[in-house]
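Remarks on the structure that follows.
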Protein chains: 2
Amino acid sequence: MTTTETDTQWQHLTERWQELADFSGIGALLGWDQSTFLPAGAAGDRSRQQSLLAGLRHARATDAEYGKLLDAAARRSDLSPEQTRMVQVARQDFEKATRLPAEFVREFSGHVGQSYSAWTEARPANDFGRMVPYLEKTLDLSLQAASYFPEFADPMDYYIDESDEGMTAEQVGQVFSELREALVPLADAVIAAGAPRTDFLARGFDQGKQLAFGERVIRDYGYDFRRGRQDLTHHPFMTRLGGHDVRITTRVKENDPTEALYSTLHEAGHALYEQGVDEAFLGTPLGGGVSAGVHESQSRLWENLVGRSRAFWSAYFGDWRDTFPEQLADVTEEEMHRAVNTVSRSLIRTDSDELTYNLHVITRFELERDLLSGKLAVRDLADAWHAAYERNLGLRAPSDVDGALQDVHWYFGSIGGAFQGYTLGNVLSAQFYAAAEAANPGLEADIARKDFSRLHGWLRENVYRHGRRFTPTELTERATGQALTAAPYLKYLREKYSQLYGL
Amino acid sequence: MTTTETDTQWQHLTERWQELADFSGIGALLGWDQSTFLPAGAAGDRSRQQSLLAGLRHARATDAEYGKLLDAAARRSDLSPEQTRMVQVARQDFEKATRLPAEFVREFSGHVGQSYSAWTEARPANDFGRMVPYLEKTLDLSLQAASYFPEFADPMDYYIDESDEGMTAEQVGQVFSELREALVPLADAVIAAGAPRTDFLARGFDQGKQLAFGERVIRDYGYDFRRGRQDLTHHPFMTRLGGHDVRITTRVKENDPTEALYSTLHEAGHALYEQGVDEAFLGTPLGGGVSAGVHESQSRLWENLVGRSRAFWSAYFGDWRDTFPEQLADVTEEEMHRAVNTVSRSLIRTDSDELTYNLHVITRFELERDLLSGKLAVRDLADAWHAAYERNLGLRAPSDVDGALQDVHWYFGSIGGAFQGYTLGNVLSAQFYAAAEAANPGLEADIARKDFSRLHGWLRENVYRHGRRFTPTELTERATGQALTAAPYLKYLREKYSQLYGL
């Protein structure tokens, strides 16, 4: 093959990639608008437009000509390491999009619709039994889907790899076991120490002022409003609408200002990651965050390790009290810091705090793993749920409504891999933060004077700019010098909560 | 051909039409977001996304298979009148999209880019001479484009037909001459009568309250916020993002509350038309307003004939003063009504009032017609402009900056048909309103008590619901009993301004 031919081929590939990225951006706009501003009557129009666009994108992402371009590129020996990785990632995406037979995808998706619809009735009726046959079929289909990827010995590995490339059930399971052993007694001790004062949070905080405050903080963090914006939605999220358009959303509660603030900081963390990807990778397969776990590590880092720290409130409490002088007249900086670090036992994952959230996730991960391995039968899931909650959280739901019927994920076709990223993110957040601190001694003092430049700079240099250039494992090892490890996270939690609760 | 085959064909056609409508809706969302919320840094991403989508839509709107489906449908004799019109309109659109050779379209569009770019420098430099060769080429290319449609004897007819199907240069020219003869002396008389009081408009009106007031009025008009919304943009517009999603935008000035109010009423008029199209026509070639002139008639009707009427201010002045009690403490209802009906001579089309706006449009229309017919050479355009302004408006611009270089349209490739819809709209607004009044005696009293149901109902029944079911001429004749006529408009203007200015 001549150089001219190969260059033309490469040109075609990059055009394809830009086109696929633009399709994704348009799709993201359709979704963003649906959540922010779409008039109520237009839901049907929007869903048809989304199907049209998704169909066009899928056709372009899976057509044979594209597959040939990728195969030809994979045979080339003259590509740079970045180009080689682009082709590798694109081929993985292509395989995942093409290997499942269309007929099977249709069957699965039809079943999921029925299962979801049944769940919306079975949950309020506390009727887990009704969901057993649906969930059994979902499990069968999930195992069949995984079987199209025989390179994964364990089906759970296939599902973990979908969102956290290269990680395995065994690796995640070990980290999670270690976490559980440490977190259960730590949560017990914190809760026994008594709850901090939170009465003042319900004193009616002006919504506009709340939003303006959060936006001031994330501007300090380094979020670039020239390439993004914040709006209100029911469920906060971050979305990429283009190479230079990474938007976030939040929600506001008048009688709990921590809701808007921490939603904003969380989504801004995701956005800092996306905004930090190397300009040269935008519009290529490498132009985005690398995995669910690494992504969540950045939202958690900016939300929790920075935003719930003593140094953060030392920096911002003055502004905070200036913004809400009446509501905070009798509140000290320390009380504010303690209030945003309340720990309590809860039956509901989405209501839980930094510490116990992991126990909700680990419980689900272990149940999913046992379902996929055949160790746990679907009909025994509800009882297994209660037993696991008693063991891990010391609580038993009064019914299956807040037990095995709690989350939509399993009933919407997603068994395996749906939850683990959240806790992997927590673990990695501390691992990255510790490495950033080792390279930049005195980071805490930076935060206390609202100077995030060294922290943001280190993260951009070691994590953000790489996009999908490395696997999550490679990225973690390059940035922190070691593989995924729970030690920094446990150290962070123990120190923080010992100090806060005088343990 | 069997019934089954023809039904399958019809099914394919309607699917095509829905798909084309959905492409348009997605494109409208990309444009709406660009004008409302797009972060500054994302302009490049957005323009690439728009090209991608426009290219996909164009390919689907012009492909040979679609042409065959349309030809087959045109040969059928078993279609309903609505279906027959759908096919007719779709074939017209198809012809317009396919008859210009791709090579010619590329040349024209390349030239337009250069011309526009030169105009952005020539206008501030007051250098009409520099634009002469560009404009000469634009004129040549415009004549060539029209020549691909030999069914139009006069090139001007082709351009008028593009936006106002079925109307001709002769017909429009006659109506415009009649208008000019009447409007020039009327404007003279009104201006001689002296300007009303407007000092209070500059007293600082809260922007949020202005917007809320306008939204209350258009809700009264019948604008459906379940199928639309209003946002802020630099230039107000109305856009259809889906069958049930017709949005408007406005702009607010603290020291001129008439800006936001009348922009809102104007765009809401466009939107009432689009929201009123028969549900059965949505997603078909008939699912939208029929022409520039009829569209503008509805924006003008709700903005001017209703919104600047005595009855309107009789209905709303109390609310208006309750909303802005300090600013309006010394202002009467009559003073408010007079202030929104100020007439003055202006060199700038976009700054002009209800009465003189038409003279700006007529001037441009006549110059365009003379350019296309060869009666006027491009090199003489600047002088012809000044002479026409002296004749029609009694003003001479001090230079070409506000003369022949004023509007972007000609320099952006659009000679012929760009302006006439505005004044056709004014003429039709009064013709439709008079017919509505004849069918519903006492409409003015309805307005005075904020009851727009009979007016809106008549317009929906006689104009809106039909979409593109009839040509503009058919629609006008069916609704008003006669062809386009200036009489009702002149009667309206004479009565209104005689009363206001005691002529």
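In case you wondered, yes, glycine gets a Cβ from its N, Cα and C as well.
Marked as Zn(2+) binding site by TrEMBL: B:H266, B:H270, B:E296. As annotated by TrEMBL, active site, proton donor/acceptor applies to B:E267.
Overlay of TrEMBL annotations on the structure.
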{"residue": "B:H266", "record": "Zn(2+) binding site", "Cβ contacts under 8 Å, 6 or more apart": "B:P236, B:S299, B:R300, B:W302, B:E303"}
{"residue": "B:E267", "record": "active site, proton donor/acceptor", "Cβ contacts under 8 Å, 6 or more apart": "B:Q230, B:P236, B:F237, B:M238, B:I248, B:T249, B:T250, B:S299"}
{"residue": "B:H270", "record": "Zn(2+) binding site", "Cβ contacts under 8 Å, 6 or more apart": "B:M238, B:I248, B:G289, B:H295, B:Q298, B:S299"}
{"residue": "B:E296", "record": "Zn(2+) binding site", "Cβ contacts under 8 Å, 6 or more apart": "B:G421, B:Y422, B:L424, B:G425, B:N426, B:L428, B:S429"}
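Cβ proximity to the Zn(2+) site centre (mean Cβ of B:H266, B:H270, B:E296, cutoff 8 Å) flags the following additional same-chain residues: B:M238, B:E267, B:G269, B:H295, B:Q298, B:S299, B:R300, B:W302, B:E303, B:G425.
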